[in-house]
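Scroll down for the structure; my scribbles are underneath it.
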Amino acid sequence: MAKKKNTLLVAVSILISFLAIHVRSDGSDHRYKLDETVPLYANKVGPFHNPSETYRYFDLPFCLPAHLKEKKEALGEVLNGDRLVSAPYKLDFLAEKDSEVVCKKKLTTDEVIQFRKAVTKDYYFQMYYDDLPIWGFIGKVDKEGKSDPSEYKYYLYRHIHFDINYNKDRVIEINVRTDPNSLVDLTEDKPVEAEFMYTVKWKETTIPFEKRMEKYSQSSSMPHHLEIHWFSIINSCVTVLLLTGFLATILMRVLKNDFVKYAHDEEAADDQEETGWKYIHGDVFRYPKSKSLFAAALGSGTQLFTLTIFIFVLALVGVFYPYNRGALFTALVVIYALTSGIAGYTATSFYCQLEGSNWVRNLLLTGCLFCGPLFLTFCFLNTVAIAYSATAALPFGTIVVIVLIWTLVTSPLLVLGGIAGKNSKSEFQAPVRTTKYPREIPPLPWYRGTLPQMAMAGFLPFSAIYIELYYIFASVWGHRIYTIYSILFIVFIILLIVTAFITVALTYFQLAAEDHEWWWRSFLCGGSTGLFIYGYCLYYYYARSDMSGFMQTSFFFGYMACICYGFFLMLGSVGFRASLLFVRHIYRSIKCE
């Protein structure tokens, strides 16, 4: 026991130290002197409506700086598609500039066509100035008074205005404007002369350095947004209270009647034929089919549940502030690697409780159950990103780092957890004996089948979270900022409660119909919310977003399939655990031969 505690403490300390190194505080804490160079990095360009489809800034023929230098990035930044390089603009501290020329260049016909295609797709650029994010559109399409697309005019912005606020010797805020009067006409396929310029203005502010990131999180905390979030919470809470109250009342009344009836039957006539859930007491704890797969799914789901809790803890203590580049991805990779021991221990110990013999195969299955589909999806999507030359394509070095983490951290911890689970030698706690031969399940109506039950089980938890889903999707697959993690955590707790209650209720009705194969059913019913979330993906893509193109579509549906599969495993584990507690409780409360 002491060894386990020590191992856990070591894992937690490694996690904290790694995140402390890779997850920075609120921006770079730099103090600058007059005319000192403040770092400005150009990050990426891409279609505004396709957040996954981003390219390197200099993939478009902008003015190049005298010395092009790439910034070294952490793992999470690379996973986020960030590729920072030195920008062509010089924004020295407190040095104002008016219409400073960056470069004069003659755009070739091919470059004009390239820029025009980018303007047509609403390309935006992103830069970082002293770790503060800045964006702007590269051009505009003039459609005013023109009904025929062939008459549209295409323009490239050539003059950028930087408005910077400072407090003493620190940069506090930066805004970018493009001059609507300084344009390059890209309408015709011919070479064009272009003179790119920039203007820099400095203004003093009283905002302290510690609060400079607050403006980025205010958009999601504005009163009308908060009202919608709280409406979502109240809606979910009402759903939960009604559901739990309804289920608790019915189950308690029905179970009380069952207990009274069964106690009366025992006193009245011992040879009377049993009915309902007591009738199948000899089969209810019969081990499920494909028990190795079942234990692996339970182990993977438990690991993902632990991962989610850790992520929420980090979010609630303020680690994932807006534009902390790659912090979330770093945390996901590291915590997933460090929690693999939980998957190994849970799966193998449960598999051994179910009297499984081939625990090594079970351990391999646990390791591949979630990582396998994720790896295959990643390989396909990374190939697509490479074909598009997008920044979402991971460099070879990053892939090697991830493989090393999986080989040197994830796999050993999985094996150690598996060995600990095998050696725990705990027995399955069944309150009643299992008979030698299974009873035949009576014919049941169609709505008691697995798929209709999954549809019923998934709908209620999904209805409790669907309002909040829009904001999460708009943040992950758009340009909104999501910072209200406390509300998200409440919604997550509600989701768990509803999932547990609805699964328990459906398990009871299944047992009452003398169907004793509840193990897999409870897992599938619990996890079915993941399928509803994937259904919401279809609605969001076609009705609420302007995403288009093969790359963006494949990234959206590919990675959302992995996320929804993770939800399926996690909520399936929650549903099964709740059902197991319930089934043990009711059979412990009656006398069975």
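Each residue, glycine too, has its Cβ placed from N, Cα and C.
What TrEMBL says about this one:
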{"type": "SIGNAL", "residues": "1-25", "note": "signal peptide"}
{"type": "TRANSMEM", "residues": "228-251", "note": "transmembrane segment"}
{"type": "TRANSMEM", "residues": "293-321", "note": "transmembrane segment"}
{"type": "TRANSMEM", "residues": "327-351", "note": "transmembrane segment"}
{"type": "TRANSMEM", "residues": "363-388", "note": "transmembrane segment"}
{"type": "TRANSMEM", "residues": "394-416", "note": "transmembrane segment"}
{"type": "TRANSMEM", "residues": "454-473", "note": "transmembrane segment"}
{"type": "TRANSMEM", "residues": "485-511", "note": "transmembrane segment"}
{"type": "TRANSMEM", "residues": "523-543", "note": "transmembrane segment"}
{"type": "TRANSMEM", "residues": "555-583", "note": "transmembrane segment"}
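As a quick check, the transmembrane segment (394-416) and the transmembrane segment (485-511) miss the bar of 3 or more Cβ pairs under 8 A, pairs 6 or more apart, so the two do not touch.
Distant neighbours of the transmembrane segment (228-251): 460, 463-465, 467-468, 471, 484, 487, 490-491, 494, 497-498, 501-502, 504-505, 508; these residues of the same chain sit at least 6 beyond its ends, with a Cβ under 8 Å from one of its Cβ atoms. Comparison of 454-473, 485-511, 555-583 by number of C-beta pairs under 8 angstroms to the transmembrane segment (523-543) places 555-583 first.
Of the Cβ pairs linking the transmembrane segment (454-473) with the transmembrane segment (363-388) and spaced 6 or more residues apart, fewer than 3 are under 8 Å, so the two regions do not touch.
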